[in-house]
Amino acid sequence: MLPVIAIVGRPNVGKSTLFNYLTKSRAALVADVPGVTRDRQYGETTIDSQRLLLVDTGGLVDTENKEVAPLAETQVEQAIDESDCILFLVDAKAGLVPADEIIAERLRKKGKKIFLAVNKADRARAAVVQSDFYKLGFGEPYVIAAASGRGVKDLMTQVLENLPEEKEVIEKEVGIKIAMIGRPNVGKSTLINRLLGEERVIVYDQPGTTRDSIYIPFARNDENYTLIDTAGIRRRAKIQDYVEKFSMIKSLQAMHAADVVIFLLDARQGVTEQDLRLLNRIVEAGVSLIIAVNKWDGLNIEERDNVRNAIDRRMPFVDFARRYFISALHGTGVGKLFRAIQESYQSIQQELTTGQLTRALEKAVAEHEPPLVKGRRIRLRYAHLGARHPLTIVVHGKQTKSLPQSYSRYLANYFRKTFNFIGVPVHIKLKTDPNPYEGQEER
């Protein structure tokens, strides 16, 4: 699971500035989807090859006229409780204020590793600033300037060195990892109960994990699977007994740990903004996607047509994902999900050589050439596999920076069709070949 770092502090100390500085490397990887409100409180970063999930707690609540509100709000409490460590941010210019001391006292009770960072500090006053905040009791404060990044590298290096070790390990034998993602009360617990409780399904405890584990290994028809429990669905004494609550952090962690995501929609409620935000996150994660529309049996023909039309209209950015209309309660259509999981997983495991991808690129260009730039055709030379999770195909050529987004989408769809990627978002990464004459003087 991705380690979770919560950024905590009173309003206007620079939490969002630090969050934006740390996550800016992600901004260019995935374009915003038209019509989808981006959820910017959660972001990823990679530091020294370690991926991290960051939570800007200031973005989780309206803090206007609430000096210590961020820590008191339920969402923020949940984010802190689910984090692996905390970046406690204070303001050097304002100095130590009572609100900082109140937050510090509350954080101490959490039993988490806490890093105190003093933001907006001048280099010349670093020693003075540190002494002011020593009394908070979190050891030597880290003096940073979030806007410029000064001191942030040293801070994050210490964070990495103090992350807790992974408590649970998924072994290869547990097979395909499945995450169930969806809003509260769309039927996730019912569907999980159906998946685990059907005939011929063997549920077993994995050695070294507790009954409360977020990993639930099971087998069906001699195939091994592991269900990654996302939204607080915890096993009690019996498999059939569940309690559900929504956690964005656990959902994001599960997306990145899974091989396949089943995204559950409630047919009676249609497509909501929260559905779109979650789907956008899944596309960013690059994981194989299956869409299951639940509670389908309770709709008449007209209502079903309306739901299908709403999905087509509001979810075109996931048109690569297969849809299944099911009833988790009665089991209708649930069996098809296992076949879909197998097909989606197998499609992403296929070998993809540079030769295969380059030949597909050549055919794509022959069928639909890139546009002209200043009278010259953009040339795409070859392609290779950049990453498998998320599936990233790197395309090399000349003037690729001028290639429109629409053509990148065309290439992604062409590769998906050519190699029969089932339910897999394809990311295109463009690289421009170096100009051999650049830097030479004209004669």
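Positions of Cβ are set from backbone N, Cα and C atoms, glycine also.
Per Swiss-Prot, domain 'EngA-type G 1' is recorded for 3-167.
Taken from Swiss-Prot, the feature GTP 1 binding site applies to 9-16, 56-60, 119-122. In the structure as shown, the Cβ atom of Lys15 (GTP 1 binding site) sits within 10 Å of 25 other Cβ atoms.
Taken from Swiss-Prot, the feature domain 'EngA-type G 2' applies to 176-349. Per-residue pLDDT, averaged across the domain 'EngA-type G 2' (176-349), gives 80.
Marked as GTP 2 binding site by Swiss-Prot: 182-189, 229-233, 294-297. Less than 8 angstroms from the CB of Trp296 (GTP 2 binding site) sit Ala267, Arg304, Phe325, Ile326, Ser327, Thr332, Gly333, each of them six or more residues away in the same chain. According to DSSP, Trp296 (GTP 2 binding site) sits within a helical segment.
Annotation source Swiss-Prot lists domain 'KH-like' at 350-434, citing sequence analysis. Taking DSSP states H, G and I as helix and E and B as strand, the domain 'KH-like' (350-434) has 32 helix, 28 strand, 25 coil.
Distance from the CA of Asn185 (GTP 2 binding site) to the CA of Gly9 (GTP 1 binding site) is 32 Å. You'll find the Cα of Lys188 (GTP 2 binding site) roughly 27 Å from the Cα of Thr57 (GTP 1 binding site).
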